[in-house]
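To start, the structure itself, in structure tokens.
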Amino acid sequence: MGVAEVVVSQIPNFHKLAWLSVLAAIMSFLYASIGLGLAVARVASGTWGKGETSSSLTGVEANGMDKIWRMCTAIGDMAFACSYSAILIEIQDTLRSTPAENKVMKKASGVAVSVSTVFYLLCGCFGYAAFGNRAPGNMLSASGFYEPFWLIDLANVCIVIHLVGAFQVTAQPVFMRFEAWASNKWPDSEFVTKEYRIRLPAAIFGVNPLRLVGRTALVTAATVVAMAVPFFNDVLALLGAVSYWPLTVYFPVEMHIAQSKLIRRSSGGGGRRRPPANWIGLQLLNLVCLVVAIAAACGAIRGLSHSLLAYKPFMFEQ
């Protein structure tokens, strides 16, 4: 995975990343549909999972509080899936000037969020119906569905391809900000600004030394961290909880308040001044999402600590 990302990371910008983004989206639909179809088939066959407030959870006896913590971690995972606001501006930059960019983005965001929400709800509900308290973090792993083998293998291939594209879409803003900073700081350095053309039988590729070294270093570091902390769901939940509230809720809400010129206080009857209802509603949204993000972060940290404690004896044995 790391080697593949090193190669694909040399794609210079979002404009040339469109094909990989489309491929990743198709793969996402495929493996989500496969998982949903297998869960529906399991439920339709009469094999229902057992779900209780306190009972066996993924093979370990768990009480009600353990399930609440796991639910918080799951909320963090969902928050990560919704934290796409960091790349909205870069995506909007790839659009044509007509029709209006804001209208296109509004429509695209509405369709994307609606479709994603439907898939998440269906997969979550049918996955829990199929496995109950023993629902695994990944339904398409050995602890979830294991047959038909060819279909499970196909779904996992789709997951890998999707993650290659997803990492690129998420990392591109980081790459571009770093390279823009380096270009402003060292505008006369050939290492930073020089573009070398490499002619291959199929195409001509541009290679920049800074892009090659910097992006390879970042991907290598991410790969090492991923191998050192192999707890996908908990790490994902922590990243989602940390980034969700400030990037997806707080800043967009504050920008909307500034753009709409919603003042904090307005004149009321009898000379009294009171906050307008829409301002209060937006601040309540901020507060509720902040509480949810904190709960998700706590659940993720607890899950990581438990996973690390369980992982330590294995490392000593090795």
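Just so it is clear, glycine is given a Cβ too, placed from its N, Cα and C backbone atoms.
The range from 175-195, 238-258 that TrEMBL describes as transmembrane segment is residues 238-258. Ranges compared are 70-89, 110-129, and TrEMBL records transmembrane segment for 110-129. Only residues 6 or more beyond the boundaries of the transmembrane segment (279-304), in the same chain, are considered here, and those with a CB under 8 A from a CB of the stretch are 69-76, 79, 229, 231, 233-235, 237-238, 240-242, 244-245, 248-250, 253, 256-257, 262-264.
Using a Cβ-Cβ cut-off under 8 Å and counting only residues 6 or more beyond its ends in the same chain, the transmembrane segment (238-258) has close neighbours at 75-86, 279, 282, 285-286, 289-290, 292-294, 296-297, 300-301, 304. Below 8 angstroms of C-beta separation, residues 1-2, 5-6, 9-10, 137-138, 167, 171, 174-175, 178-179, 182, 303-304, 307-308, 311 of the same chain, each at least six residues beyond the ends of the transmembrane segment (212-232), sit close to that stretch.
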